[in-house]
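Comments concern the structure below.
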């Protein structure tokens, strides 16, 4: 009220740039020269990037060994539940033509295994895996409790369907004596998984810690006996288990299994030569998929994929194509009608 | 009086309770309300005074039990009711229900996609935002309510036996309230006592209806006669009145006194809440309606809710999205079913069976998947869309309000948006329907000319002076705008103090609703400039007429002692005298002086007028009264001779006792009475002469300070005009009017009756007793068409009659002439009544007045009986000046492709001439006039016109195409309308024909014809017709309509139109109250539509499109993933991102763009108004663009999905670690897309984009670090942190958005460079320096106004007169083709071909020829026209078929004014666009006068070569 009676032009709007919508503004002008130079620059960048990426991807050495069919007999054997305990091995020889230098990683790769199914992803108990409450099996149904009601540890479909093939890589230095390639099973998980997200329940020993729980139905061993060699790699802290629990994005995926321990013959990496895989199996036909083992090196850009390089190259090429066509039209019309807007 | 300031905290009475109470009461007390004094013991309470406080409370309860108290409560909620009520209201919106449904779906375990609590979050957020907004609004309402409720006023308290101060909210029905001058009335109060000597009270109703003049209210009859001070304790009467209703103009009831006597109550007795007491010291009244039952509050409706066209279209597209959503979900469901079936036989390891071990059947799985998909894909229906649009619109409204260019310094008002949600409609208007008076014109009336008894007084000096004013005005404005400061106008300086006083008083109450208060301000401030601007006050009298008036005055001063003073004057002079008397007194003007209200005079004059009863009449006309009558005149002049009037009073009292019968009075010879009266009057007058003269001197000085406050500006103008002739209205009491003449002195007319103006009669009359002749005279003032028919039929036998007839025809001709000039005409007439006639009439009139039912009708009849057999005195012409910038605005709006129709109640001639003046009609174009007498004639006429228009159209097509081609190539060429619309005619139709044309059978034809026409002018149309026309265009043509008007008669039109614009001007607030936007002036419409309308439309259209794009693209990502997860409705994007992405991460930049983006800057829009057409054609948002947009969204989602897919294919990534880069990519793509779409980048845009990115990463990092095991299923602990260390993440985030946006960018670039739209051209134009812009702008205007001189010069006027000459011959079909002079053969004479034109007077022809030489310069201008040679044959060939129409018998008149100089102008415009250099040369021939255009054109030619 005071304000109104005091000054005469009481309702004169403020003359500020914002209120008058007069803010200094940059206008995006799609002018010919601007657009063309932008397109050419972007194209050049993409092409350059693409070439670099392709070159680096080329330096990756990778070999994939499928063993689904070769080990089909094992699968059949496992179909029958009574043959549960029987050992079934199969051996797949393969030849590495080139030396794989540097760190070599061994992956297992599954085709057509839908780890990203909506219900499947849900079927786990994070708090159980953290070791705080073994009896928390909330989302794990129907793999939450065994028939007699004891909670399953680890519960849920993910844990239940764990990849349990054992893969042993041997190097045939000479044609006769195979040398088992030394592999490390540590540091194959995210650090945070191993040290934050997964914890064993605290107790004197693991078996007592997991007392009162039972193993998942498809498992042959309880969770505290997963790694007989390394007692520290047991329970929820088992690296293979942790890797498996990180559900893959696509139905075809690979997961890190082992990494090369660069000692003895393998200081440089995997030398070229004859190798063989010895596999203790995982019932693969149950998902109509295929299994394979992948040996691969890494580069700075991580994965082995050639795609990113290609994507950059193609995008760069298309951009240049577009730029050239625009320039052609531009020049044509400029000559003809003087219609093109100049700057 | 300190009380808890707790209006709402008290167990308040919300609307519900009030309603209940009303409902309960309804069966009981029927249609009336009974009000008793609260001071009386209420029936049933034995001991009312059992203690002050207790008694007071009981009293209050007793009052409040039945009737509403005066507490204002506009709040919707209380603290308790807020939540349920608000939620209930919000769920009226379908979208909200939908979103809640989706969220609730998450609570079903089998189908839930998100954590139920999380899924509710966005819905709750939206609801909370809306609720908060509502709460805030409600709180501000509560605060203003509180403020008003705690205003104080004086209420009579029984305990203290005096008036005590109370709050407004404590006033009850039945309380007695005492109000002082300048106080605001707290409730509807029945006026019982006034300090005014005549029991009058003046109120200002500006707050209620915006009318700034004072209204008169009257004490209830029976109470005014009380001599002593009104004592509320003595009031025992019972008031019966109507139930509360919202009719401001009506109040009926009666008061029943103790003795059983009844007296009627009318609206004149009621003081309405919100009005202000003026010029009256104090009044006392009893409260009849309080609080929400007052008429003011019942009339107060909130802002309107309209749905804009864009929103309708958007809703349609939302439905498409729903369909798409269902399709996607179905597809996914079917896919899932098939997938399940495929894997069913062998129990896959990854299969998760039901808890009992069985697996789902494919069908059940599909159904579950369907529902889950709907939840996951719900983003497709943008939950934030509605909220965002609302936010954007509020901001848009804010910026429109803040636009300094829409601020009117004169009225200190800015544009108000009353409807918040149709801003974008402003950018799509196709038809404008405008009122004329007050909208196109100022509604400031200036007396221009008059004619008295057939002689015209042209007031040339006055005209010149006005011209000077206008110039001075514009200069002053320039100075103001240059200086940048805002000084006050010198002319209104004298009212400054008054204004400030008004302000401080009224602010309190009028902040109730912001807009109303603001509008009130506007009217408040305009008041003084409007009704007492120097233009109206200072009128330079015409010397001839002035001479005559003085002569009358002198003669009468000498002859006043004789028997028939007027007989000494010649008939002409007596007419002159009567004319001025009529001007002075035939009105309801209130004379105010700046000093204080009149004091209450203890001893009153004995008569109350208007004459109310027969006794009254007898009393007045009794001989003794007559003898003392003139002494009272003398005493009135001195005004304070109380002793004298006291004696008068006594004498009348005695007269009362000795009442004689009516017949006896009337049988007394008038002559004797008159002479008697005069002698005594003269006797009393003579001795006081000297003293009086001194006083007169004093008063004369004062006189200039007298202000006239009139109900309509015409009245004020006339009174000021009369004052210029020294015939000044000095005083108006209820029963008498005093007129001051230099020689005669003060003449006091006894006012017997006022028959007020109404729109049906179109006239008003006063019945007075003439002090000089003692005759009873009726002065009537009204519209010429009405008054001319009421004249006394004069026989042509005697000379006198012939003379009269001649005078009449002369007057009629002058009236036509005035109309041609665009003046408003009024006829003044007089009638002398004999006493018998008067008595007879009075009797019937009194009967009519006292009848309870059907009163209005009877009064109307009575008025008609009085207003017959009139004697014509003369006529006046009042100018209603055009508002500033109206022609320019209309030209601009027209260039913008808007069709402008003017709907006015004025008569045809006036309307046409105003239309010419504001360039709505061109002198160079044809005007089709439709005046039909009957339905058949109208049909035939329409057919003829259609035929004619059709036959014309082919010849205009080649020009049309040429025009279009030229538009396509250059942004600078004139818009297509200006070139193509040239040949299309304009249509003028009068009210009666309009009624026929609006008939069901004819409306299509009429519309078709109107569509062909460049502009349409509907004259003499009623408010209903106005709204019918708007409705017709709106429904049949499916066009966006805008109606603009300022008066109550425009309200219906404003309400019907898509966008209603009110002008907060002179005629009150009704139009503003009904409108969506209120502008102070017509010219602001240009900026409102062309700039803000365009911006709002383009911003909102782009934003809506962007919303759809964004959501579709985002949903697309999820949908493609279904192909890789067995259609199991799995989402790779973390549910948190999914839910908050739209709401938080990507919402701000688009809001900023939606609010601030300017596709084309304002100056370019104003320079090239044709850019407005993009909105009209819905170029930015049409189905095609929508689907293109969706296709682009689909493409982008494909790219953004498959690039990361392939990049991460065959890697060991997990679902959510892969989903996070996709989210980031989507965000970058959205922002880049927005970047392409944003036309102006301000720092706000940058900040918003930066903020979005920053927010996303911050939230992601915090979220991913917050909890190791939470947020299933994604459990995203450390995901983002890991990704940030992964080069592939950066590489994909870089390439995917680029690849996704490449096609769009390419398309845009190619399209923008090769096939630019008008808007893009405009944008390029804007990029050039603003200095360059000015040149094309001016030449643009020049090119447009080619062929017509810019200012209204005398030569143009002469041509105008030739047109309407034929229009007065209403008896015959007239048909003339006017071709001003574009032929080389044209001589100096105007080449006007008038066929069949019966002229009433030869004089006019003479005058015309006398003025003809004036038109020569125009010929000279046009002689150089190049295409002229072809004009001649066309015109002659056209006249031939047209003449056949004469054979049609039914046409009253049909005027075709076709003129062809425009065609030449057209040719030149085309050339102008083609070759600017040639144009330059040509133009110098065209416009010889101003040297600047040449320079501009040089600039232009330089400019154009620069462009090509």
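We count from 1, first residue shown onward.
Cβ from N, Cα, C; glycine included.
According to TrEMBL, the feature region 'Disordered' maps to residues B:1481-1508, out of the candidate ranges B:1453-1480, B:1481-1508. Looking at B:1052-1072, B:1073-1093, B:1136-1156, the range tied to transmembrane segment in TrEMBL is B:1136-1156. Of the residues B:830, B:1026, TrEMBL puts just one in the ATP site with B:435, B:436, B:437, B:715, B:757, B:781, B:824, B:904, B:905, B:906, B:1020, B:1049, B:1050: B:1026.
Taking TrEMBL as the reference, the stretch among B:296-317, B:318-339, B:384-405 described by the feature transmembrane segment is residues B:318-339. In TrEMBL, the transmembrane segment annotation falls on B:359-381 of the listed ranges B:359-381, B:451-473, B:474-496. For the binding-site residues shown (B:437, B:1049), fewest C-beta neighbours within 10 angstroms: B:1049. In this chain, the transmembrane segment (B:1104-1124) lies in contact with the transmembrane segment (B:318-339); the count of Cβ pairs under 8 Å, excluding pairs fewer than 6 apart in sequence, is at least 3.
Counting Cβ pairs closer than 8 Å to the transmembrane segment (B:117-136), the top stretch among B:94-111, B:1104-1124, B:1288-1307 is B:94-111. Between the transmembrane segment (B:1104-1124) and the stretches B:94-111, B:1136-1156, B:1186-1209, B:1215-1236, B:1288-1307, it is B:1186-1209 that has the most C-beta pairs under 8 angstroms. Only sequence-distant pairs (6 or more apart) were considered; of these, fewer than three Cβ pairs between the transmembrane segment (B:1136-1156) and the transmembrane segment (B:1288-1307) are under 8 A, so the stretches are not in contact. Of the candidate ranges B:94-111, B:1186-1209, B:1288-1307, B:1288-1307 contributes the most Cβ pairs within a distance under 8 Å of the transmembrane segment (B:1215-1236). Listed by sequence, the residues of this chain that lie at least six past the ends of the transmembrane segment (B:1288-1307) yet keep a Cβ under 8 A from its Cβ atoms are 1192, 1195-1196, 1199-1200, 1203-1204, 1207-1208, 1221, 1224-1225, 1228-1229, 1232-1233, 1236.
Of all Cα pairs drawn from B:435, B:436, B:437, B:715, B:757, B:781, B:824, B:904, B:905, B:906, B:1020, B:1026, B:1049, B:1050, which the record names as binding ATP, the longest spans 27 Å. Annotation note: residue B:757 (ATP binding site) sits in a strand segment as assigned by DSSP.
Residue counts of the domain 'P-type ATPase N-terminal' (B:65-117) by helix, strand and coil are 25 helix, 0 strand, 28 coil (DSSP-based).
The binding-site residues under consideration are B:824, B:1020. Their Cβ neighbour counts within 10 Å are lowest for B:1020. The most densely surrounded of the binding-site residues B:435, B:757, B:905, judged by C-beta neighbours within 10 angstroms, is B:435. In the three-state DSSP reading, residue B:437 (ATP binding site) counts as coil.
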